[in-house]
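Scroll down for the structure; my scribbles are underneath it.
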Amino acid sequence: MRYLEAGAAMVALALSGLALIGSAGVHAAGAPARVVSINVCTDQLAMLVAETDQLHSVSYLSREPQNSAMSEEAAAYPLNHGQAEEVFLMRPDLVLAGTYTRRATVALLKRLGFQVEQFPPATSFDDVRANLRRMGTLLARPERAEALVADLDAGLDQARATRSGRRVALSFSNSYTSGVGTLSQAVLDAAGLDNIAGELGIEGTERLPLETLIMADPDLIVSGERDYGAPALAGENFRHPAYRALARRKTFVAVATKYWVCGGPFTLQAVRILREAATASPSLARHGE
Amino acid sequence: MSLLNLSGLSVSLGGAEVVKDLALEIAAGEFVGLIGPNGAGKSTLLRAVLGSIRCEGEISMDGRRAADLSVGERARRIAYLPQDREIAWPVAVERVVALGRMPHRRPGPGDLTVADRTVVRQAMEAADVAHLEKRRATDLSGGERARVLIARALAQCAPLLMADEPTAGLDPAHQIACMRVFADLAANGSSVLACLHDLGLAARWCTRIILMARGRIVADGAPRDVLTADRLAEVYGIRAHFGEAEGGMVIQPLDLVEDVPARLR
Amino acid sequence: MSEIAAYRLLLASLALATGILFALSLMVGPAGIAFSDSLRALVLGGGGDETREAMALVMREIRLPRALLGLGIGASLGLSGAVLQGLLRNPLAEPGLLGVSASASLGAVLAIYTGLSAAVPLGLPLAALAGAVIAVLVVQAMAGGGGTLAIILAGVAVSSFAAAMTSLTLNLSPNPFAALEIVFWMLGSLSDRSMTHVWLAGPFIVVGCVVLFRLGPALDALTIGNDGARSLGVNVARVRLFAILGTASAVGGATAVAGAIGFVGLVVPHLLRPLVGAVPSRLLPASALGGAVMVLAADVAVRLIAPDRDLKLGVLTSIVGAPFFLWLVWRARREQA
């Protein structure tokens, strides 16, 4: 794994070196030279794929450690707040955005003649691969994208567990949970865990009332980020005495939101955390695994 | 002993002194008519005694300082009939009248005693509203409502009844009936202090008349002594016909006097 | 005394309806627990068995607090509506319309989102109470002695301002979820409340309701106006103070844990007034029960209509209440003409 990563880095370095030597300008012919990303997910993909100096600005969210797995890397870029005016003043030759966010901004930027590329949120590892490759194409860095995909696949292979048969409940702020058709489901699948949302017929992201959660009696409870630096009612469900009583009896696993709110190579980290929690769980021994 | 004793009473409303350094004593068995032009300070005087508005000076009831009496103790000494005939909710007439028993009842829930009921019934009969007892008070005519509130004040059975224009809006028969009830109260040892605008009624029924103007008492005494042509001209700016009938005094205002005071024009 | 008998019958019917809806509130939920099981779990607890343990948890920690809060909050809103109407002698007075609920919400929001309530749990209901007191004082100062219109306008102004400040506070919160919670504070919900909330709001609701109940005779006397009431031995200033504090305590406690639930205090006293012969003191217990019936029914309904959507309570109470309010305004205008 380490070797692969190092290898990828070497390839990347070599490629950028070639580009430096090869083109009259700084970048490969036809490649965008001044990219602005206004979505926290495209921010991270772009930071991973882009060549040095190719990416000009990322959104302010990418610097927040709760939401961004690459908050440290993001510190190297000027921030934007996804407003048309500031993006306009940055004079980008490519704008990266999400499909469902900042629609008004995107529409306006398109009208102003900017090239805007929108990325749908990843709901599976196939989506992650597709998004990485598309980013590679757009930034004229296909090799780098392929290396990242290969990395991801290697990581998934390594993490792949036999289905443990352990039942897990995803429990997010405001009592939301995720089922079929979400990246969270893909992560659980990769970790060999069964999602109770499947039993309950929950698709996509829906509310999982506290009492349904309790009656479903899962083996593991998996939650995301809870500390947003300021209080809100959204976290009330975690403080509910009934929830606490359940969490005390079950194995509780916290997986930081930043690993799976966007799909990327970093999502592997969520798979690893879950797999470890499932293996470390004492009752797993009883299943004879 | 005097039921009510005021000395040095002054009331200011909105910066203007409406009642000025007023002294007054009311003994048991008096039916006092408080008369005077609009803005003389009559209603303000009554409300000050009631304790609804701030005042300076001394008020004592039954020889005790009003300041030392609780609101409940005052209510057992003085009943008050406000000028506006507000009845906010469509409550049954008998319930409105029964409110008068409130100062005499123990706090907390519980229904009226038999004695209370008798008093309420007598009060309703005195004000000629017994036949309306089950009607909703808000459905009544203005005059009927006024009589219901008179009955309410009567049911309070306080030694002193202060009434602010009790006869306003009543037909002649009910005006007279009202004055007769008050006179009966006085004859039985209670006292009545009533603001009145009808000089004829005041002259005929009251045992004593207090004439107020600009916050002060101008004259105080028997109707014949207070209600003179000169005073009416001076205070009200009117002339009146004075007469005698059935052993009582008759006053019928006729017209404004020639040199009408500037403030009336 | 058939009048008294009719009144007692009314109270008994309302109490029965409250009891039925309370039970129904315990029975309705996404977990779908059988009636007998739920009852046993509620009373006897789990007893070791895993499924039973889970049922007991659901019944005792989720549904019971929800039903208790529905009861207490409904009673608070109905009762304070009846008291405010009696005090102001105005059928349009109500915690929601006077801005009391919105201001209590603002107080609660400030306490929660600044972290005060996390540090001092009692800060939450106290802040809501303070918000409620300020609202009543402002409305009274602006509309004291004025007519219906003045009171409504003052209430609208206070409500709008409090709502704006609530939105501002939530929008400025660094927590990404805070802004979404504006809806909760404006429309109210009992979803997934816990016994913690019951213990937090309960004492304020109980104290507030006790204070308000004791005002009955004074409100009767106020039927004939402030001076009339005073002549009957009612200390009007003190009654007003207790009415404000009682309303603030009950509505503040309720709003702190459930958000602003509108129109209950308007609709309930109005519907019940003819049934109690319009006697203000009799309206108090009837409105408390009626308010509990309305909120419990609304809370059962939101769970039946949209089980997985967390529909807000205020949506239902406003759907019933707002047209009712319009009708009242229309009728008031006709009476004035």
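Glycine too: its Cβ is placed from the backbone N, Cα and C atoms.
Under the heading transmembrane segment, TrEMBL lists C:67-84 (among others).
Per TrEMBL, the feature transmembrane segment maps to C:96-116 (among others).
The transmembrane segment annotation in TrEMBL covers C:122-142 (among others).
The feature transmembrane segment is assigned by TrEMBL to C:149-168 (among others). Same-chain neighbours of the transmembrane segment (C:149-168): 88, 90, 92-93, 96-99, 101-103, 105-106, 109, 131, 135, 138-139, 142-143, 182, 185-186, counting only residues six or more beyond its ends whose CB sits under 8 Å from a CB of the stretch.
Using a Cβ-Cβ cut-off under 8 Å and counting only residues 6 or more beyond its ends in the same chain, the transmembrane segment (C:198-219) has close neighbours at 65, 68-69, 72-73, 75-76, 79-80, 83, 86-87, 121-122, 124-125, 129, 229, 234, 239, 242-243, 245-254, 256-258, 280-282, 284-285, 288. Annotation comment: TrEMBL describes C:198-219 (among others) as transmembrane segment.
Marked as transmembrane segment by TrEMBL: C:239-272 (among others).
The list of residues near the transmembrane segment (C:284-305) in space but at least 6 beyond its ends in sequence, with Cβ under 8 angstroms from a Cβ of it, reads 10-11, 14-15, 17-18, 21-22, 24-25, 28-30, 66-67, 70-79, 81-83, 189-190, 209, 212-213, 215-216, 219, 261, 264-265, 267-269, 271-272, 275-276, 311-313, 315-317, 320. For C:284-305 (among others), the entry in TrEMBL reads transmembrane segment.
Long-range contacts of the transmembrane segment (C:311-330) within the same chain, counting only residues at least 6 positions beyond its ends with a Cβ under 8 Å from a Cβ of the stretch, are 91-92, 96-97, 183-184, 186-190, 258-264, 266-267, 270, 294-295, 298-299, 301-302, 305. What TrEMBL records for C:311-330 (among others) is transmembrane segment.
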Using a Cβ-Cβ cut-off of under 8 Å, list the residues of the same chain that are 6+ residues beyond the ends of the transmembrane segment (C:96-116) and lie near it.
-> 80, 84, 123-132, 134-136, 138-139, 151-152, 154-159, 161-163, 165-166, 169-170, 173, 175, 178, 185-186, 247-248, 251-252, 254-256, 259-266, 321, 325
In the same chain, who gets a Cβ under 8 Å from the transmembrane segment (C:122-142) while lying at least 6 residues past its ends?
-> 95, 98-108, 110-112, 116, 150-151, 154-155, 157-158, 162, 200-201, 204, 240, 244-245, 247-249, 251-253, 255-257
